[in-house]
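What follows is one structure encoded as structure tokens, with my remarks underneath.
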Amino acid sequence: MARRVAVPARPLGDDFSFVSPVVKYVLFFFNLLFWKISMVMVAVGVYARLLKHAEAAMACLAVDPAILLILVGVLTFLITFCGCIGSLRENICLLQTFSVCLTVVFLLQLAAGVLGFVFSDEARGKVSEIINGAIVHYRDDLDLQNLIDFGQKEFSCCGGVSYKDWSQNMYFNCTTTNPSRERCSVPFSCCLHDANQTVVNTMCGHGMQDMGYLEASAFIYTNGCIDKLVNWIHSNLFLLGGITLGLALPQLVGIILAQLLINQIRDQVKLQLYNQQHRADPWY
């Protein structure tokens, strides 16, 4: 049902406005902040891509963190542009675009969370596929390499399912025809590190894939990162819930403010039409 606006018995002054300056400028500065953040994200992503060799960059395009940063930055830039300009110019079309896009993003995030929980086996398989793809291109992208090393150190794990997954990489492959000096090895981030060790031995993972699990466990983490990640998620559900709420809250605030401002602008337009009609009335 369409919302009715209570119109006065006589036209209000030209200086009267239904549009609240508080709502208008809070929404404007809210979008301006994320607009600037999105530009920084795009700039960092583009800079990271330009630093890479063309052949390596194309080879690992699907698992490149810089590409993800650029895509998220561009999406955020477009959405916040509509919100920023729409609120400043009181443009209903831009504000509706902003509100709809933000609602779609919020619903997609919600759906992804629900589907990931309901179809946990399929989600696990997709994560395994992504990790295996990252292992294959480990040496092709320095950003990806640093990300994998960070994850393996933080979660005390190695590979996807086990440390032997590193045989999927051409440099760590265990085949007899592999001429690499890193044949049958694992990255140094898989190694057990001594707290008193001041210099990192980057060759500590040499030949570990030739060893059995018990033998290798004395030198490296043998458990895969997928199980470690799943266990970490189960142990930190409240933390993840808080992070999710922290990401969702600004989106909900943006949607509510945009809808509130849209209704205020529509009320203002109706008031202006009402005033024009009465001023055109010869009996006014």
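Note that Cβ sites are derived from N, Cα and C of the backbone, with glycine treated the same way.
Here TrEMBL flags 25-48 (among others) as transmembrane segment.
If you look up TrEMBL, you'll see 60-88 (among others) marked as transmembrane segment.
Feature annotation from TrEMBL assigns transmembrane segment to 94-119 (among others).
The disulfide bond feature in TrEMBL is assigned to C157-C190 (among others). Neighbour count (other Cβ atoms within 10 Å of the Cβ, all protein chains): 24 for C157 (disulfide bond).
Among the features that TrEMBL reports, disulfide bond is placed at C158-C174 (among others). The 10 Å shell around the Cβ of C174 (disulfide bond) contains 14 further Cβ atoms across the protein chains shown.
What TrEMBL records for 237-262 (among others) is transmembrane segment.
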- Among all the protein chains here, how many other CB atoms are within 10 A of the CB of C158 (disulfide bond)? 26
- Determine which residues of the chain contact the transmembrane segment (25-48) at the Cβ level, with the cut-off under 8 Å and only residues 6 or more beyond its ends counted. 65-70, 72-74, 76-77, 80-81, 83-84, 87-88, 98, 143, 250, 253-254, 257-258, 261
